[in-house]
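Here the structure is laid out as structure tokens; the discussion comes afterwards.
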Amino acid sequence: MSPQSVRNLVILGATGSIGVSTLDVVARHPERFAVFALSAHRQIGRLFEQCLQFAPQFAVVAAQDDARDLQQRLREAGSRTEVLAGEAALADVASDERADVVMAAIVGAAGLLPTLAAARAGKRVLLANKEALVLGGALFMDAVRAGGGSLLPIDSEHNAVFQALPADYARCPDSAGVRRIVLTASGGPFREWPLEALAGVTPEQACAHPNWVMGRKISVDSATMMNKGLEVIEAHWLFGALVDRIDVVVHPQSVIHSMVEYVDGSVVAQLGNPDMRTPIAHALGFPERIEAGVTSLDLCQVARLSFEEPDFSRFPCLALAYDALREGGAAPAVLNAANEEAVAAFLAGRLGFTQIAAVIAATLERANGLSVESAQAILDTDRSARTLARESIRQRETQ
Ligand code: NAD
Ligand code: MG
């Protein structure tokens, strides 16, 4: 490979679970990728280590104080990385003309603006931050088209669907003959718990996912199955699929990462060990295949693949997400904001596990007149919905 083809990579959310897995893949291919910028919210120690190992031109953190400390530590260690602070700096590095590929791996709505900036600037955007698409799907997909770059899904289900679709799907989706998209779901740690035990679930229990090691917010989302709900909305925007053509099937082994069914009855699936380095390497190398460090799938060891219908009474969050997508408009953004607030309150020990869905439902009921027409409208909607959700959480705290 010629030196010109080295691609400059920005990782938004480098210190998180997806960020660390991305750097693991990147370290295997120094001839292909140079790290241009890394970002972290508060994990300054980890970001420091990453800067020493990958020597990015820029490191971005949230607070000025942290930036000053990190800059000093890096200088003392002989590093030439320049440290920036704040949201605008995130958008700046994500849209810098020297950057080619942007991994969007910030968790939650905080990832929206820098990811949007990368899309507008025509970057290859590798999207892990599903909340950005749930909040502002139409705006985001328009930005990708207007920017002329590309969008590759990192979420394992959507990456699987992308791999199972024909290569020219984005150009002519109608002639592809897709009947439906089937997203697989592990069902999380509480799939078989007695329903009456769910009210007492602790954050530690909710974060102990049977198959995947992930950040705390997405782990709770997996336990409530809101994660699958957000993924239904994500699939709608990524693949232009109507809500009634996106199904969810519970598949506890997490070996089939998702499927596409065609009109002739063919069902094409992508399989592999549950390791996020596979979709990350797929998107980093696309259209080439590159080594990810993932072990071969041993089907005889897996032995059995099983499937069941999702239980909407056990997982009301999944039903709320389908309803929000059917309602359209600002409903998915309200759903996302209320979920982020409710999950944060649950993780802080202020809200019961089964109250998460109740807070989201109450917020959806009370929110009206909100819009997602522009980036500013989305941010306003997000803020209003969070205010409503916090009120609902406070009421439940005092009960
Ligand atoms: P994580 O909590 O492990 O990491 C989040 C990253 O975002 C960290 O680097 C953190 O510093 C940064 N961050 C957090 N809040 C921020 C803020 N307000 N401003 C700027 N940066 C902030 O999360 P994760 O598990 O790596 O997930 C990241 C995203 O990828 C989420 O949207 C998640 O839904 C999605 N995703 C994750 C997985 C997985 O296996 N972990 C799988 C599919 C999709
Ligand atoms: Mg997923």
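Each residue, glycine too, has its Cβ placed from N, Cα and C.
Unlike curated entries, TrEMBL annotations are predicted automatically.
Record check, TrEMBL: Mn(2+) site residues include ASP155, GLU157, and the candidate from GLU82, GLU87, GLU97, GLU231 also listed there is GLU231. Annotated 1-deoxy-D-xylulose 5-phosphate-binding residues in TrEMBL are LYS130, SER156, GLU157, HIS209, SER222, ASN227, LYS228, GLU231, and among SER175, SER186, SER266 the one listed with them is SER186.
TrEMBL names THR15, GLY16, SER17, ILE18, ASN129, GLU131, GLY215 as NADPH ligands; from the candidate set ARG32, ARG42, ARG145, the record adds ARG42 to that same site. Listed binding-site residues: LYS130, ASP155, GLU157, HIS209, GLY215. Those with a CB atom under 6 Å from ligand 2: ASP155, GLU157. SER17 (NADPH binding site) has a Cβ environment of 19 other Cβ atoms inside 10 Å. Taking SER17, GLU157, ASN227 as the candidate binding-site residues, the subset whose CB lies under 6 angstroms from any atom of ligand 1 consists of SER17. In terms of DSSP helix, strand and coil, the domain '1-deoxy-D-xylulose 5-phosphate reductoisomerase C-terminal' (151-239) has 47 helix, 11 strand, 31 coil.
Neighbours of GLU131 (NADPH binding site), defined as other CB atoms within 10 A of its CB across all chains, total 29. Neighbour counts were taken as the number of other C-beta atoms within 10 angstroms of each residue's C-beta; across the binding-site residues GLY16, GLY215, the minimum falls on GLY215.
Look at the domain '1-deoxy-D-xylulose 5-phosphate reductoisomerase N-terminal' (9-137): DSSP puts its residues at 64 helix, 27 strand, 38 coil.
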